[in-house]
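Copied over from TrEMBL:
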| type | residues | note |
| --- | --- | --- |
| TRANSMEM | 48-70 | transmembrane segment |
| TRANSMEM | 82-106 | transmembrane segment |
| TRANSMEM | 112-132 | transmembrane segment |
| TRANSMEM | 202-223 | transmembrane segment |
| TRANSMEM | 352-370 | transmembrane segment |
| TRANSMEM | 376-395 | transmembrane segment |
| TRANSMEM | 415-437 | transmembrane segment |
| TRANSMEM | 443-465 | transmembrane segment |
| TRANSMEM | 518-544 | transmembrane segment |
| TRANSMEM | 556-581 | transmembrane segment |
| TRANSMEM | 587-607 | transmembrane segment |
| TRANSMEM | 619-636 | transmembrane segment |
């Protein structure tokens, strides 16, 4: 008998030992491949410069980190392997982005440091994933998974299917494909390098009819009983379409901020330290918080928020053999178009059901803010994608209270310090509220809500960006202040616009004074006013219904939405300043409207006692969404394009400056566009044309000289330019349309005949013309 017991123990121990051996062997193999991928990338950045090796290295690295972090995400959100790997890629990508940005914050873009940071992120994922998969945890793991729902592609409520069980026919997809092809063709046909203020200066009005048709067809699939996977795939493809209009139409980029980011990325690529920094900065400035002194580089929000995007743009460009401009141009478009529908689908599935998740993934079509944010690469839009993922983790924790989810959400929130700093603060508020709510401390929860409400006002005041105006609380001014605040948020009627809606717009519209497309249907301010009213009333009704239904994560999200929309309202109604912090909440608040307006529509469609049939209700909802989506699509954006002539002229000037300048003093007199391109092309060797730069990019010397040469060309302006820049040679660039014939002739007599690049005149003024007084 004792021998039998000993034998059985041995049989149990043997397979466990085998499992442990295999566990260690697998761990070692994965680490080997991870190290190989990072080694390939590093060698390719520094020596080989091969596109094929770079692609192989990137694919291998992101595939490995997707598997590693996918296992972690599976456990945190109770997902299957496929969903885990999809979001594992997202987590691995953003964690490596933040990690490779840290050397830029404290020092410079160093390729060995970048490789080391990427390796650490991969190792962290594998350590966590293998600890979770260790044989000793298998029994506990299987117990934890019991009782939690899995994904389902079948409709949760069959009555939501349009007209009963109507799965559609092949003609539906044929028509959808034809309209999508026509839409892309019209975008390509409208691509331009001419000066425009909006894509609608180039896009044909007919494209709105196509957009309406696409929205209707995709929406009808959402309300059908097609499998969720098929519908979700269509929504993702549609997401790529609706975000394509800015990247395709603007042939030569837009926005001064974008070119400044490109200039910094090029500067970092040369191995220079972008100050303030801890190493590479001789001054090493400090910031004091009471008795404690901290290096300014660690708390410079405009650097910690941007460094990750700068670094990953450089890394991807060097790996793919592409230009920094190309990577920067398409990065957010690709990430947002793919992952935002997936995130909204999973969050909607958690809130209500998988079919509601499909509706939530489709609804960003309705909001201008979400249309344009997915089309342009800026630090705030780049970081919003990962922000919504971490928000999902906190919402899941508010529902289940799992300790592992709490740990992961807390860790990612803290690491977000190296992402966009405002998102870091918002996630801290969300995490604190979620934790307090799970503990059942109602009084502390309400106090934390008040603190979150006042946080943005206090932050803006501390930074000197906004100031609370107490006189607006006076009885005589209170009504007007409230009207203005509500008018801005909802496109309603403000105190100063009694008969018209506000010009600026809101989360739904870019501007509400009429359509930029010129289509008569949207040319009246009443249209956006009515559309906004319906969406806002529906959203608040949906939030009320969610609170009544007591759906745990949706109720918590309703509290969050209430806090941040109230903070937005208070800042605009009772403060003066730039409102920069609450403005960065636009996408978060638009997503809140997506879920609560979507929930209101869901309740409307499923109501049993309404006299209108479900089919007619569905058709009415489809028509409303399609019309309003087309009108929001036509409401913006207003983004002035960089003219192709300005870009070509700046390239010509830099080719001559880089070949002939030896004293690093430059003098280029021009408008801002050519100077921004010159800053990017020179990798920040020529900043502001060589003229002194004041805060907020003001250049009074350059402005006075340029305006003086435009009005009355005189030698005096050239003398001043030489004295200010300490340069013996100046370039003067101006557009043909800005110079009257008498001024042009006078300029030719003074400076000689110019070279011409398209509409741009270029004068090169040699040293004998730029007399420097000190010499």
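Note that Cβ sites are derived from N, Cα and C of the backbone, with glycine treated the same way.
Among residues of the same chain six or more beyond the transmembrane segment (556-581), those with a C-beta under 8 A of the stretch's C-beta atoms are 351, 395, 398-399, 422, 426, 429-430, 433-434, 437, 449, 452-457, 459-460, 465-469, 472-473, 481-482, 484-486, 488-489, 543, 546-547, 588-589, 592, 595-596. Of the two recorded stretches, the transmembrane segment (202-223) does not lie close to the transmembrane segment (82-106), with fewer than three CB pairs under 8 Å once pairs fewer than 6 apart in sequence are set aside.
Against the transmembrane segment (82-106), stretch 48-70 has more CB pairs under 8 A than any other of 48-70, 415-437, 443-465. Below 8 angstroms of C-beta separation, residues 151-157, 160, 215, 218-219, 222-223, 228, 231-232, 235, 238-239, 242, 340-342, 344-346, 505, 507-510, 535, 551, 554, 586-587, 590-591, 593-595, 597-599, 601-602, 625, 628-629, 632-633, 635-637 of the same chain, each at least six residues beyond the ends of the transmembrane segment (352-370), sit close to that stretch. Take the transmembrane segment (112-132) and the stretches 48-70, 376-395, 415-437, 587-607: counting Cβ pairs under 8 Å, 48-70 has the most. Between the transmembrane segment (587-607) and the stretches 376-395, 443-465, 619-636, Cβ pairs under 8 Å are most numerous for 376-395.
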